[in-house]
Amino acid sequence: MTPRFNLSDWALGHRSLVWFLMIVSLVAGLLAYLSMGREEDPSFAIKVMVVSAALPGATAEETVTQVTDRIEKKLQEIDQLKFTRSVTYPGRSVVYVELRDDTRAEAVDATWLRVRNMMSDIRGEFPSEFAGFSFDDDFGDVFGSIYAFVGDGFTPREIEDRVEDVKAEILRLDQAGKVELVGVRAPEIHIEFSNRRLAALGLDREAVLQTLAQENAIVPSGTIRTAGERILIRVTGQYASAEDLAATPLRTGDVFYSLSDVADVTPGYEDPPAELFRYNGHEGIALLVGMRKGGNILQFGAELEALMDRVAERLPVGIELHRVADQPKVVEESVGHFTRALIEAVLIVLAVSFISLGLRAGMVVTLSIPLVLAMTFVLLDVMGITLQRVSLGALIIALGLLVDDAMIAIETMISRLEIGESLHKAASYAWTSIAFPMLTGTLVTAAGFIPIAFNSSQAGEYTRSLFYVIAISLLLSWIVAVLFAPILGTTFLPKKLRHAHKGPGPLRRGFRRVMLQAMRFRWLTIGLTALLFAGSVFGLRHVERQFFPTSERPEIVVEVTLRQNGAFAATDAAIAAFEAWLGQQPEASYTTAYVGRGVPRFVLTLDQPTPSENIGQLAIMTPDLTARDRLREKIAAYDRAHPEADFYTRLIELGPPVGKPVQYRLSGPDIAPLRDRARDLAALLDRDPRLTSISLDWSEPARVVRVVLDQARLRQLGLTQSDVARTLYGLFDGSGVTEFRDGRKLVDVLARGVAADRSTVAALETLQFGNAAGNPIPLLSIARLEWTTEQPEIHQRDRVPTLTVGAAIRGSVQPATVAADLAPAIADFAAGLPPDYRIALGGSAESSAESQAPILKVVPVMVLCILTLVMVQMQSFRLLFIVLAVAPLGLIGVVAALLPSGAPLGFVALLGVLALVGILIRNSVILIHEVSVLNRAGRNPWEAVYEASDSRARPILLTAAAASLALIPIAREVFWGPMAFAMMGGIIAGTGITLLFAPALYCVMFRIRPPAPEARPEA
């Protein structure tokens, strides 16, 4: 009969080849580690596109009906659509298109192309005044390096020219991605007319502007074609400076004027600007630098730093360069921190190995660790998985598990050597006896992480590398245990081992006594275990829930919001005053302010607000976490003292961003009752002392002055409604006249009223028009003024007006706890809403539920995989039941660890709890398999259970100790801490209970009774 293939025996017969494979694995692993990409956090797709559109002159309500609704209605045809969210301003619509979490990454770009095509299809459905679409499908771009350029004595244009040159140099770097400028002020030439002066002179403003446009037009002048050549004709006269523009001759009747006689012509900048950037209160330009996808952040960071050092050296005196965001440095520190934690975990596992197994056997386990890690690095590099927070944490988690197979293999070798077998035979015995139970256990452990692999949410995408790292390392650890460990064992273990006859130590004797009592009083053991489990289920209700924690980065992001019709100048003044106050606070190292927009996405988890005149954000760097928290308290006090604006502080989040942690969305067809109900809801939340910074994302109407025209009077004077509207727009906002061509820049020429005419409401009452006859016409002679209000901003979700009431939390209480406590009051509130009005939970609680829902969908797949693997190994329904009954017992230790420590059960901790199922089943598979082996060897059933439990207790406890103690280095991490506590408690308690519960349950299932007293095993 042909002997069965034995991989361990094959390895022993090909020592040189196996040693070569080990050396190659180590070298390849080292090279892979050095070449792997580094990131602070794992990347995940932000499946959001922004569609913007404009209908100049329309109210917000008109823009909703004529533009926003048509866009959203068409977008609802997208199969992958999760929801649309829109923000509509007078004449401007911004629609956010968010795809479902299960949309495949490779399908996202195709969907965005379809969005563009869909908008093109409905272009003809919009009013003739519609100004078209713009699209932003790079909403999730990250700019990890940000530089501030500020200059004393330099104009914004001069600084911009310098920064543009730097941008061009950066783009020449191989790994450079997108590079953008923030805070650029577009140059303009302002022609400021006095409306009274124009009317007095009988000049028609529109005719004057038409003259200026014609003077500056580029018109082909022809070509002279001779017999031998072509000669182009050029006509001069285009404006080259503001002085040329001011000298433009104008005529009324027989009187000639220059433009400077009737208007002030001054060069300047866009007013008000679309956005402003300041560094420590000094206006400047921010240079945002991103890296191309797949680049090495550390290598790119070094190249960028060298380039910027050269740039700083050649900048003229007066222009300063400051680095305000340095992702390469953050990544280097983060990876270095986790690498140190990994080394600490390795040392802990090695200590457990040496103490428990001795020097020689411990050396085998010691060498197994770098082999597994090296091969893991190779596969991770091939798969494109980078070193970041999740993958490095996963390596630490896996570290305590991957030594399990090596420990069991070495324990088996030692036990065979002690009974006198040769070193070669003992080394190859591991394959025939435990290789396949170990493989089953390894696969079961990996299967416990399946919900992570198939979680389609953003949170699942964020944590997905956890599954790949652990599954790969566990499978490789099995290969090392059956292929490399026999070679290492024959190298380091002695050829002969004599069995020590000193007898079991006190700990083992104590365990034997407890185990015998558990087997004797098996129903009591099962009952106590069930009672403990029921208690843990009850205690779980008192464990706080969490989505993702906030980061330990020292930055603070402050969002400043004024009332919705707040002017840019008011926002700028509020932020400038806040900056001045921050300059006096010792906790603020430096500050960058962004007026009219949000802080650029310098980390992927930073959310972006919709740009608007009434908002701004500041990024404040503090020296440490203590200073950060102290400054947050000061800012909260500043916010209370300055009611003219809302100053809301945010920390950098870990995981997908959620905004304010507690949020409720109110939706309904009519804005007025919706606004009233939202205020009632805000008052309800305000009664909870744990909540602060309660706000509505939009609500208050804004003042509007209506110019009610006398149509009959207009016709008598030869005027139209459009004439009046254009004149008013030109006076207050300014109308484009022409453009200067200044090198690589186009400089707009803008005509508007003088400051005194355009900055006060009283200007309307004295406004005069000039007609074709040159006679001044007062506005009030053809119209009356009425004051009213209208919505300056309307938010919709899936085409329904939606108001979001958000709140921050005082203290350390978790958002899920607050939401659960508020649930009865919210239910009563919802019951009182009119028909067609509804309330929905948002914020952290909603994001957590959305992230956990895909996990629960995949749990049956995980259970099926585990059932199949265990059934293939056990091939008995009773044994299958025993093995599976152990699975939930880890919850006892989880609750026992989380409750006293105060650690919340977050998304990551939940993944750890699910993974415990596989870990505990693995232990019970090894234990029950040994019972079956002894039964087949002819042992008495009671003795088989007792001896198997006794012999497998040591390796199971050792691997449990290694797995739990290896988590200590990450237990102090904000991100991994709750998971570490949950897994340590679950592994320790679950393993201990398993070693008593499984034998007791086995005795019950197979009706095994203790033998007569004289035949019982001795403790």
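We count from 1, first residue shown onward.
Cβ atoms are placed via backbone N, Cα and C, with glycine included.
Listed in TrEMBL:
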{"type": "TRANSMEM", "residues": "16-34", "note": "transmembrane segment"}
{"type": "TRANSMEM", "residues": "347-380", "note": "transmembrane segment"}
{"type": "TRANSMEM", "residues": "392-414", "note": "transmembrane segment"}
{"type": "TRANSMEM", "residues": "426-454", "note": "transmembrane segment"}
{"type": "TRANSMEM", "residues": "466-493", "note": "transmembrane segment"}
{"type": "TRANSMEM", "residues": "521-540", "note": "transmembrane segment"}
{"type": "TRANSMEM", "residues": "879-899", "note": "transmembrane segment"}
{"type": "TRANSMEM", "residues": "905-928", "note": "transmembrane segment"}
{"type": "TRANSMEM", "residues": "956-975", "note": "transmembrane segment"}
{"type": "TRANSMEM", "residues": "981-1006", "note": "transmembrane segment"}
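Count of Cβ pairs under 8 Å against the transmembrane segment (392-414): among 16-34, 879-899, 905-928, 981-1006, the largest is for 905-928. The transmembrane segment (905-928) shares more Cβ pairs under 8 Å with 426-454 than with any other stretch in the list 426-454, 956-975, 981-1006.
Highlighted: of the candidate stretches 16-34, 426-454, 521-540, 956-975, 521-540 has the greatest count of Cβ pairs under 8 Å to the transmembrane segment (879-899). Sequence-distant contacts of the transmembrane segment (347-380), counting only residues of its own chain at least 6 positions beyond either end whose CB sits under 8 Å from a CB of the stretch, comprise 22, 25-26, 28-30, 32-33, 36, 391, 395, 399-400, 402-403, 406-407, 410-411, 414, 468-469, 472-473, 476-477, 479-481, 484-485, 488-489, 492-494, 954, 958, 961-962, 965-966, 968-969. Contact between the transmembrane segment (426-454) and the transmembrane segment (16-34) does not hold: fewer than three of their C-beta pairs are under 8 Å, each pair 6 or more apart in sequence. When the stretches 16-34, 466-493, 521-540, 956-975 are ranked by Cβ pairs under 8 Å to the transmembrane segment (981-1006), first place goes to 956-975. Sequence-distant contacts of the transmembrane segment (956-975) (same chain, six or more residues past either end, CB-CB distance under 8 Å): 340-342, 344-345, 348-349, 352-353, 356-357, 389, 393, 396-397, 399-401, 403-404, 407-408, 548-552, 654, 908, 919, 923, 926-927, 981, 983-984, 987-988, 991, 994-995.
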